[in-house]
Each structure stands twice: as structure tokens, then as C-alpha cells.
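What TrEMBL records for this protein:
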TRANSMEM  7-31  transmembrane segment
DOMAIN    9-428  domain 'Major facilitator superfamily (MFS) profile'
REGION    46-72  region 'Disordered'
TRANSMEM  109-128  transmembrane segment
TRANSMEM  169-192  transmembrane segment
TRANSMEM  199-223  transmembrane segment
TRANSMEM  243-262  transmembrane segment
TRANSMEM  283-304  transmembrane segment
TRANSMEM  310-330  transmembrane segment
TRANSMEM  337-362  transmembrane segment
TRANSMEM  374-393  transmembrane segment
TRANSMEM  405-423  transmembrane segment
Amino acid sequence: EARRQRRLLLLVVCVALLLDNMLYMVIVPIIPDYIAAMRGGGGTAGPSAPAGGNGSGGGNRSLLSARYPPSTGGNEDVQIGVLFASKASLQRLVNPLSGTLIDRVGYEVPLLAGLGVMFLSTTTFAFAENYATLFAARSLQGLGSAFADTAGIALIADRYAEEPARSRALGTALACISFGSLAAPPFGGVLYEFAGKRVPFLVLACVCLLDGLLLLALAPPGATGARANMPVGTPIHRLMIDPYIAVVAGALATCNIPLAFLEPTIANWMKESMGASEWEVGLTWLPAFFPHVLGVYVTVRLAAAYPHLQWFYGALGMAIIGASSCLVPACRNFGQVIIPLCGICFGIALVDTALLPTLAFLVDVRHVSVYGSVYAIADISYSVAYALGPIVAGQIVHTMGFAQLNLGMGLANVLYAPVLLFLKNVCQMKPSHSERNILLEEGPKGLYDTIKMEERKG
């Protein structure tokens, strides 16, 4: 029974992460007509410019570029950048509060609250008629993501306490994130074309509602007293100054900078440097989905066989990201650009899949096995990169150049990779050294320990 409930909760979390990324990316093919209608235009998309993504527990990474109507001035470009950055910006501000709350009240209630806010955000998107409403819906999604994503990833880490099951479960969640980013633009475009602008959002809202009802059935609030007997989690400010956690958080932010900064800039560069057509710009990120899933699969298999080398998989991923970023400016046609972009996404998969379980492991062996705050730190790391991307990347290209931007991002990743050597010794600690397992090996001393012991036996 415990194993079946654990799998259903994993399904709930994966659907929540899928919905979050689909809601983020579903407006990619729709936003042109939204903005054109707002200024009285005909709704025809013009020049292309990619949308920024945002990462949580994981991460929210966009894999397709957006198409915007022709700009009538610099102010509109700023509005678009602010619109796409608003989710990550608010998410970054709320994460310290959401992580602390999750540690105090448990994982299920914040996850349910996050799904409720996402439902409200999706419904607002469906009926938005002006820029202010779009901005409010986008920001509201960031608020929901700060609770749903962080609580969801933390819930997976808590229910899948042993390796390699934890790495497999977190890898499944990362694959759902990538699939949501890939499926959302065509999903939104087709429904928008044949059913109207509100239908894509209403469909996502219904799925969000069903996901929340399933979670409510699996873990109704107040149905168990386990939360009252759980250990008190380590405060987030103490986790932030833990040198090992700081190293992991820095790696997560650094490895996502190339993706976050390339998305708003690569379309214009392709048009100017190689005369890329509209369909080439639109399909730039599509092939990168497959090496990302491959990277997740490879890392999960390697972690199962050699769990003490998680730091090495992360360092290898950062080296691949760095080399791939440096190769982007050397590409001269559409086919060549795909190769380094696939390398970047493959490297990100290695880093994320290796280091997200490492965060839970660090909490197990160095702090208290409660995971809300540590995955809030991970979400902050992602949000920093994706909040800056839509606003800062264009200015860097304008002042320094596209090649210099890529070389700087690549150099940052290559130089940061050796820093993960700092994790070598702690990653060699055996799971039996963790606080949770020592308690369980000594025998359960309270309701929480008894419940965890029964789950492990199950």
C-alpha cells in the first residue's frame, strides 16, 4: 500500500511539473496575437525572438522559440522581457518563504496550495484581455510554482529515501519538465488555431484541477499525525551557508545560464549571421529534447552503479556545457547550430540529475532529513538564471557581442567544473551514516520513525 501510494504521489508531482512548464510555454505561439490584438493589430506574427525559460526542483526550461509581432518601439520589447521574467522573479522572492513553510507543515498541503494557485493563474490567462492581466497571471504562476515545484521535488526526495530509487524518481520528474516544454508550443498553437485562445488554458486548468483532486484523495489534510512527529527542518539560512550546498546551488545556477541567455538572443543572431528562415528559428531547440532525456537516463544508470561519483557526473556535464557554449558562435548554418545546443541540454541533464539527489543526500548526512528549504535553494538557483535571461542577455549582446556572451558563459562553466571536486569526500559517505538511517537502525522512537520504517519495509 505504501509503495502504491508513493507511485501515485510521484505521478501527481510529475503532472504538476508538466503543467507548470506547459503553462509557461503554451503562450509561445499565442502571444503574438495577444499583443497584436492589444494594440489593435491584425494578429500576424512577425520577426522571431525566443522566449526565456525558468527553472524549478528542478528546473522549467523552454526548448522552443517564441514568435512575436513586429515591435513598434523599444518599450514593447521591454514589456515582453519583463513579462517572461516576471514568473522567475517572483518565484525567486517567494522561495525562501515557501521552503520554510514546507518544512513546518509538510509537503502535501503546500503542493495542493501551489496547484490551486496555478489553476487560478491558468484561468486568468484564459480570460486575459490586456498586458496588466497577462503580467498578473504570469506573476501568479511564479507564486504557485514556488510552492508546487519545491514541495513536489521535496516530496519525491522524502518518499524515495534510498538510492537508486531517489535518482530514478527525480530523473522521471526532470523528463516530465522537458516533455512539458517540448509539447506546450504545438499543443497551444493547434488548439488556439482551431478552438480559440481560451481553450488551451482551460484544458490545462482542468488537468490541474484533476491533479489537485487526486492529491487530495491520496493525502487529505489532517488525515495523519505524521507531520507533528517529524523532525524540525534546518532553517534555510543555515543551509545557504553550508559550503557543500552552496557549491551545488552555484553549479545549478551556472549550468543554466547558457540556456537562459541563449533563448532570448539566438534567434536574431541566426537571422543576422546565417540568414535563417522562420521555420529554422522555430525548430532550433526541438532536437535538444532528445539528448536531454538521454542525459537523464544515462546519469540515473551511472548513479545506480557508482553513486559515489555524482560530483563527477555534474562536473562532466558542466565541461560539456562549457565546450558546447563556446562552439555556438562558430556555427555557420542551421544544422551546425543544433549540435552545440544538444550538447548544452545533454550537459544540463547530467548536472541536474546528478546534483538534485545530491542536495537531499547532503541534508541527510549533514542536517535534518526535511527537504523543503534545500529544494527552495535549488529553485532560487534556477530562477536567478531565468529571471536575468530575458532582460539582461540582449543588453550583453548589444554591448559586447554574441560571441563574447557565449565564450563568457562557456568559460564560467569550465572553470566551475573543478569546484565540484569539493563534493568528492562527502559523496563517498555511505547512506547508512545519515541521521535518518541511524535512527531507523536503532529502532523507531516515535510515530514518524515508525512510519518511515514501515515505508522502507514496504
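Placement of Cβ uses the backbone N, Cα and C atoms for every residue, glycine included.
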Stretch with greatest number of CB pairs under 8 Å, the transmembrane segment (337-362) reference, 109-128, 169-192, 199-223, 310-330, 374-393 candidates: 310-330
Candidate ranges 7-31, 109-128, 199-223, 405-423 - greatest C-beta contact count to the transmembrane segment (169-192) (under 8 angstroms): 7-31
For the transmembrane segment (243-262): best-contacting stretch of 7-31, 109-128, 199-223, 283-304, 405-423, by Cβ pairs under 8 Å: 405-423
Range from 7-31, 283-304, 310-330, 374-393, 405-423 with the greatest count of C-beta pairs under 8 A to the transmembrane segment (199-223): 7-31
Maximum Cβ pairs under 8 Å to the transmembrane segment (310-330) - stretch from the list 7-31, 109-128, 374-393, 405-423: 405-423
Whole-number mean of pLDDT values that fall within the domain 'Major facilitator superfamily (MFS) profile' (9-428): 82
